[in-house]
Amino acid sequence: MERRAEAPPPPQGLDFTVENVEKALHQLYYDPNIENKNLAQKWLMQAQVSPQAWHFSWLLLNMDKVPEIQYSAPAPCTSRSPATGTTSLPDQYESLKSQLFTHITRFAGGSKIVLTRLCVALASLALSMMPEAWPCAVADMVRMFQAEDSNVDGRARCLALLELLTVLPEEFQTSRLPQYRKGQVRSVLAQECGSVFPLLEQLLQQQDSPGFIKQKVLKCFSSWVQLEIPLMDCENLIQAAFTSLQDPELFDTAVEAVVNAISQPDAQRYVNTLLKLIPPVLGLQEQLRQAVQSGDMETSHGICRIAVALGENHSRALLDQVEHWQSFLALVNMIMFCTGIPGHYPVNETTSSLTLTFWYTLQDDILSFEPDKQAVYQQVYRPVYFQLVDVLLHKAQFPSDEEYGFWSSDEKEQFRIYRVDISDTLMYVYEMLGAELLSSLYDKLGRLLTNTEQPSTWQHTEALLYGFQSIAETIDVNYSDVVPGLIGLIPRISISNVQLADTVMFTIGALSEWLADHPVMINNVLPLVLQALGNPELSISSVSTLKKICRECKYDLPPYAANIVAVSQEVLMKQIHKTSQCMWLMQALGFLLSALQVEEILKNLHSLITPYIQQLEKLADETPNPSNKLAIIHILGLLSNLFTTLDISHHDDDHESTEVKKLPVQQGPNPVVVVLQQVFQLIQKVLSKWLNDAQVVESVCAIFEKSVKTLLDDFAPMVPQLCEMLGQMYSTIPQASAIDLTRQLVHIFAHEPAHFPPIKALFLLVTSVTLTLFQQGPRDHPDIVDSFMQLLAQALKRKPDLFLCSNLDVKALFHCGVLSLKFPEAPTVKASCGFFTELLPRCGEIAPVGQVVHENGKVLLQAVLEGVGGQASRSLMDHFAEILFALNKHCFSYLSIWIKEAMQQDGFPSARVSPEQKETFSQQILRERVNKRRVKEMVKEFTLLCRGLHGTEYTADY
C-alpha cells in the first residue's frame, strides 16, 4: 500500500472524529519523528476515553480500512470498561455488546489479529458486567455463535467462538478487578464451564472436526482449567486430551492442556479423579519408549512433563492412597525412566532435568509422615532412591573426550549447570539414605579402583567422586567411617584427564574440615594439590582447594609451610594463574602464615613479597601507561589479599575444635604492620604518579582497608601515617575509596584518645574538601556523595564529639545532606537518609546540631515530602519514613509547625492529593512517636496516593 505524506501532529484541541483518529493512527505507525509519534499517542489516549469513542470505533472497523486501523478500533471498548479499572455507562452495555457480536461475526473469516482484539474487548465487557448486568454471559456467547447465519461459514463462526472463549479466562487473569469482584467473577465463570465443556467435548469427539479446530479446542480447555474448575468436571476433556496425544499435530497442545489441568492446586482434593489419571499416564510408556528410541526429543519431553506434573503436584495425596501403592510406584518408576533417559544432557536429551524437583517433593512427603507410616514408605522407597543415585551418577558422567570436544561452549555450560542440579539432588537424597549412601559410593569406588581385570573409564571414577564431593560439601561427614578409606583411595586414582583431576581437587577441598580433625591424613592429599597448582587447566580447583585446606587446617600445616610457600611462589612468578586465582592463592598463604611464629612469618613474608616490591619500585619510576597500571593494580591486589587473611590474633577463628591449637598472642609489632611500614614510602611514591587514577587509588586504599578490618587494634601504629597520606590524597583528588577508608578508621579508632587527634584532623580535612566539591556541583560524583554521607553517619554513631569541632560547618553539612536526598541514585539517597537518622537524635546533646536542625529543619522536611510525593523511588520510602519518625521524636514542636506550613502549598507534595488527605497524613505522622513500622506504613500509603497508584492491582504487593 502506498504511504501518505508525513502529517503534522494533531493539535490538542482537534475534534475526535473518524478522520482525525485515522490521521493520528497513521502518524503513530508511519511518522519517523518520535516526538510526533508521542503526540499522536497522547492524543489517541484522550480520544479513547472521549464520549465520541463509541461512534468512531465502529466506523474504523469498516472492511475498506487497513489492518492497522482496524486493529486499533476496539481499543476504546477495552479502555472504557470496568474490567480495566474505569467505568462504562450501563445504558451503553447492550449497544456495545450487540456491536461487538456483530463485528466478531463479520471478522470471523478475516484478519486474525483484529478478531482477537475484538474478542478481548467483548471478554473485557463481559467481565465488567458479570454477574449482575450479564448473568449468563458465556451461555449467551455460545448461543449467539451457534445461531445460523447464512453469511458466515460455520467453521469460521466456530473458530471465532473458540477464540472468544479462550481469551475470556486469559483476560480475567490479567484484569484489574478489585479483589472481592475477582472472587465473584471467578465463581461465575467456574459455573459457566457447564456451557463450554460440553461444546468442547463434542468438537473433539466429532470425526469430521479438522485438526485446527481440535487444536483450538485444546487451547480453550487449557485456558479454562486455570480458573480452578473442579478436576472431576474436567475429567472427560482430560481423557480426550490423552487421546489427542496420539495425533502428532495435536501433541504439544494436548500436553499443555493435560499439564495445566492436573497442575491446578485445587486438583489434589479430587483424589478419585487423580487415581483415574494414573492408568492413562502409564499408558503413555510405550509411546515414550518409541520416542526415545527414535530420538524424538519433543515427544519424550512432553510425556515426561505429564508424568512429572501428576507425580510432583499430587505425591502426598497419592501416597495417602495406601491400597493403590503399586500404581503410584509404577508412576514413580516411569519418572525414574525419564530421569535416566539415554543420552547426554543437553545434546542428546533435554528431558531428565524436568524430573529432579519431583524427587525432592516425594522425599519431603515421605519424611513428613508420622514415624510408623514413614517406616513403611521408607521400606518401599529407599531402594528406589538408591536406584536414583545410580541413575543420577550415570547421567552426571562426561561423554567421551572425542564427543565432548565437539560440544559448543553453551552446551558445556548447560551440562555444568545440570551437574550442579544433580549435585544438589544427591545432597538432598542423603537425608533419606544417610550414611549408607556414603558406604555404597565408597564400595563402588573401591571396587572400581582395585579391579585390575576390568579397567574402568575415567568418567565412571569421576562421577562416583562427584557424588562424594556433592555430599561432603554440605553435610558434616566428620563422623563417617568411610572418609579415611576414601582419603586412602584418592592417591590411587590414575589422573589422566582434566575433568577427573578437577573433581579430585574439589573432593579434597570438600573434605578439608575432616582433614582438620584428622591431620595425620593431610600428607596423603597435600602433594596432589601442590602438584595440581602447576597446571593452568586446574587453576580454579587446585587454588580453591589449597585455600580451604590452609583455612581449615592451618594449625597443622607448619611442617608443610615451607613447601607450600615455595610451590606457591613458583606458580605466582610463572604467572600460571589468572588474576582472581592469584588473589585466592595469596589469601591461602595468609591463612597458612597466620599459624606460624612471628619470626617465621616475617621470613616467609620477606621471600614471598620481595620480588613484588622490587617490581613495584621499578614500576613507580616508569612513566604511567596502561600496561604498567595493570601491573601495579595486580601487585597491590596481591598484597591486600594476603593481608586480608594474615591474622596472628585469630580474629577469624570461630571453630571450637581449633581452640586448643591456638598459639599464644604474639608480643611486639604485627608482621603485617611491619611490612606495611616498610613499603609505605613506596606506596606513596606510586600514588604520587597515579593520584588521578581511581582504580590505582582504590587498590592502594584496599590494602589498608582490608588490613584494618583484619588487624583491628593491631593496626594502631599505622594510624598517624595513614591519616596523613589519606589527607594528602583526598586534598589533591577526592575519591570515594579514600572516604571509605577514612570511615573504617573512624569506626575502629576514633573512640580511642591516643588516635583521636589524627583522625579528627583527617575527618575535618575530608569534610572541608567535600564541602568545596558540593559548592562546585556534586552531581557528577554520586559515589563520593554516597561515601561522604556514610562517613558522617559513622562519625555521629562512633564519635559524635567530632561535630563539636569549632571549625566544622554543621549547617553546610546539613544542606549537603538535603541536596543528596534529591539525587537520582538510590544508594546515595539511602546513605543521606542514614546520615539524618543519626543526626536528628543528637539535637539535644550536641548544641551545634540542635541549632542547625531547629533553624533549617523545614528544608529537610520539604525535601523528604518531595521524595514521598513522587520525586524519589518507591523503594526508598522506608528510609524517608525513618527521617520523619526521627523528626517527630526529637523535634516534635518544630515538626508540627513545619508540616502544616509545607502542606498548605498548592499541589505539594503532589497535585493528586487533596487538602483533606494531606491533613490526615500530617496528623497520622504527628500522632505516631513510638511505632516506627506504623510510620513506614503511613508513608507507603501516602506515596501511593501522591503517585495516583493507590488501590490499583499494580501496587497490590507493595
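FYI, residue positions are counted from 1 along the chain as it appears here.
Placed from the backbone N, Cα and C atoms, the Cβ positions cover glycine too.
Listed features, source Swiss-Prot:
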| type | residues | note |
| --- | --- | --- |
| DOMAIN | 40-106 | domain 'Importin N-terminal' |
| REPEAT | 90-130 | repeat 'HEAT 3' |
| REPEAT | 189-226 | repeat 'HEAT 5' |
| REPEAT | 231-263 | repeat 'HEAT 6' |
| REPEAT | 325-367 | repeat 'HEAT 8' |
| REPEAT | 435-471 | repeat 'HEAT 10' |
| REPEAT | 482-517 | repeat 'HEAT 11' |
| REPEAT | 519-553 | repeat 'HEAT 12' |
| REPEAT | 598-643 | repeat 'HEAT 14' |
| REPEAT | 715-749 | repeat 'HEAT 16' |
| REPEAT | 756-798 | repeat 'HEAT 17' |
| REPEAT | 810-840 | repeat 'HEAT 18' |
| REPEAT | 892-926 | repeat 'HEAT 20' |
Sequence-remote partners of the repeat 'HEAT 20' (892-926) [C-beta within less than 8 Å, at least six residues beyond its ends]: 853-854, 857-858, 861-862, 865-866, 868-870, 884, 935, 938, 942, 945-948
Same-chain residues at least 6 beyond the ends of the repeat 'HEAT 8' (325-367) whose Cβ lies under 8 Å from its Cβ atoms: 275, 278-279, 281-282, 285, 288, 292, 295, 297, 300-301, 303-305, 307-308, 310-312, 315-316, 318-319, 374, 377-378, 380-381, 384-385, 387-388, 391-392, 394-395, 399, 403, 407, 411, 414-415, 418, 421-422, 425, 428-429, 431-432
Mean per-residue pLDDT computed across the repeat 'HEAT 20' (892-926): 93
The repeat 'HEAT 3' (90-130): DSSP-derived helix, strand, coil residue counts: 38 helix, 0 strand, 3 coil
Same-chain residues at least 6 beyond the ends of the repeat 'HEAT 10' (435-471) whose Cβ lies under 8 Å from its Cβ atoms: 386, 389, 392-394, 396-400, 419, 422-424, 426-427, 429, 477, 480-483, 485-486, 489, 492-494, 496-497, 499-500, 503-504, 506-507, 510
